[in-house]
Amino acid sequence: MSAVPLKNDKPVEAGVRTVTVLGATGSIGDSTMDLLRGAPGRYRVEALTANSNVEGLAKLAREFDARFVAIADIARFGELKDALAGSGIECGVGESAIIEAASRPADWLMAAVSGAAGLKPALAAVDRGTTIALANKECLVCAGDFFMQRAAKAGACILPADSEHNALFQALSSGNRDELTRVIITASGGPFRTWAAADIEKATLAQALKHPNWSMGQKITIDSASMMNKGLEVIEAACLFALTPDEIDVLVHPQSIVHGMVEFSDRSVVAQLGTPDMRTPIAHCLGWPERIAGPAAKLDLAKIGQLTFEAPDFARFPALRLAYDALRTGNGATTVYNAANEIAVAAFIAEKIRFGAIARLVEATMNGWVRAGNLAPLASADDALAVDHNARNMAASLLPQIAAKAS
Ligand SMILES: NC(=O)C1=CN([C@@H]2O[C@H](COP(=O)(O)OP(=O)(O)OC[C@H]3O[C@@H](n4cnc5c(N)ncnc54)[C@H](OP(=O)(O)O)[C@@H]3O)[C@@H](O)[C@H]2O)C=CC1
Ligand SMILES: CC(=O)[C@@H](O)[C@H](O)COP(=O)(O)O
Ligand SMILES: [Mn+2]
């Protein structure tokens, strides 16, 4: 039994729904809060979390009269308490408080922490058997199949919030799982889609942060530029929908209007389209199994005029090839892929490595991991977190030599 519902088989919930937003101060958090704001009286906020943005978190907590807020950064707890003084809103600090936020009863939870740091809180929500809108792809890539197995066991309902996976989720309801032959996830191609490899190699942070279509957090925007985001999404699709690497294609589509397509055995291809606005897939998850009003701009195809498609270039964007390698290798390789990328992106932001070195560090870490004989099946979240920890250390130790070597 899959934790992603393939048909709208859940009864519609009436009355006020309680919701929790992990990563409330981020880009996905912002879109989610905007949807909640647009439906006064329909939702009650149970818990909100952030890493260090005290001001943003306290403002949201007061606006939505949250019951509980948690901040990960222990140095900011005093400020948070001051900011909430007199409000009656409970607050906590550290990873344990983020996990507590996820554990508190709520009908619906948005998992939008950035990075594998979101894994333990997402698992705490999974174990409650609740409905989870999953934006945090890194937690799936880190945990591998284990996350979805645990969700199925706990009776949790995982609603894919990432735009491409939400598109697949919507398109999949046109057929049965055994009639599906392939899924296609689209990629904008990022800001370097048309750039020569030599220019991509030395792209600056400011250039990498200029996504052509989407306004998103810093880490995912850099991932889009390297196409690591698409690599993470290939692995995310494999985990969410129990697909093999051969059943997942990536198609570059610079307009980001078609988000995902599903091919069925009769060769029908069902696609989901929409303007590039995350409030649409999040609204689909929030309303599910019904449809609620979404605030995104209406799709005007006549105005857009042309939708174009290209094959991905695995040579200029090796991050995508590495994702398929990791998926085929299994045994913790996707955990290593994600962990090394998180180290590489942080190093690029800190100007320790060039843009082109991001994928080289991921590849060197994956190779080093295999050579050291570290591949082994992941049997638990602790296994995944141990691999994540050790792979980060390996990536950090390889960093100086990767930084020193120009392509
Ligand atoms: N943005 C988008 O359009 C899309 C995002 N996603 C995925 O959703 C997730 C969130 O992305 P996005 O909203 O862009 O990211 P942002 O960087 O904008 O926001 C991340 C959120 O997580 C919090 N956070 C960061 N690190 C930690 C930590 N260690 N512990 C607890 N909280 C933490 C941040 O708090 P603070 O503000 O205090 O730093 C913030 O609330 C990512 O996994 C991304 O890949 C998927 C599809 C689209
Ligand atoms: C909005 C969303 O889902 C992002 O993951 C988006 O897909 C990023 O764009 P790229 O297609 O450039 O990676
Ligand atoms: Mn996406």
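Glycine is treated like the rest: Cβ placed from N, Cα and C.
As annotated by TrEMBL, NADPH binding site applies to Thr25, Gly26, Ser27, Ile28, Asn53, Asn136, Glu138, Gly217. Look at TrEMBL and you will find Lys137, Ser163, Glu164, Ser188, His211, Ser224, Asn229, Lys230, Glu233 tagged as 1-deoxy-D-xylulose 5-phosphate binding site. Look at TrEMBL and you will find Asp162, Glu164, Glu233 tagged as Mn(2+) binding site. Here TrEMBL flags 19-144 as domain '1-deoxy-D-xylulose 5-phosphate reductoisomerase N-terminal'. Under the heading domain '1-deoxy-D-xylulose 5-phosphate reductoisomerase C-terminal', TrEMBL lists 158-241. Marked as domain 'DXP reductoisomerase C-terminal' by TrEMBL: 273-393.
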Checking your reading of the structure: which of the binding-site residues Asp162, Glu164, His211, Asn229 lie inside a 10 Å Cα sphere centred on Asn136 (NADPH binding site)?
Asp162
Check Glu138 (NADPH binding site) against DSSP and tell me helix, strand or coil, would you?
helix
Would you mind sorting out which of Asp162, Glu164, His211, Glu233 (the binding-site residues) have a C-alpha within 10 A of the one on Glu138 (NADPH binding site)?
Glu233
What does DSSP say about Glu233 (1-deoxy-D-xylulose 5-phosphate binding site): helix, strand or coil?
helix
Could you tell me which of the binding-site residues Asn136, Asp162, His211 have their C-beta within a distance under 6 angstroms of some atom of ligand 3?
Asp162
Residues with Cβ closer than 8 Å to the Cβ of Thr25 (NADPH binding site), same chain and 6+ apart in sequence?
Ala50, Asn51, Asn53, Gly56, Leu57, Leu60
Are any of the binding-site residues Asn53, Glu164, His211, Asn229, Glu233 near ligand 1, with a Cβ under 6 Å from it, and if so which?
Asn53
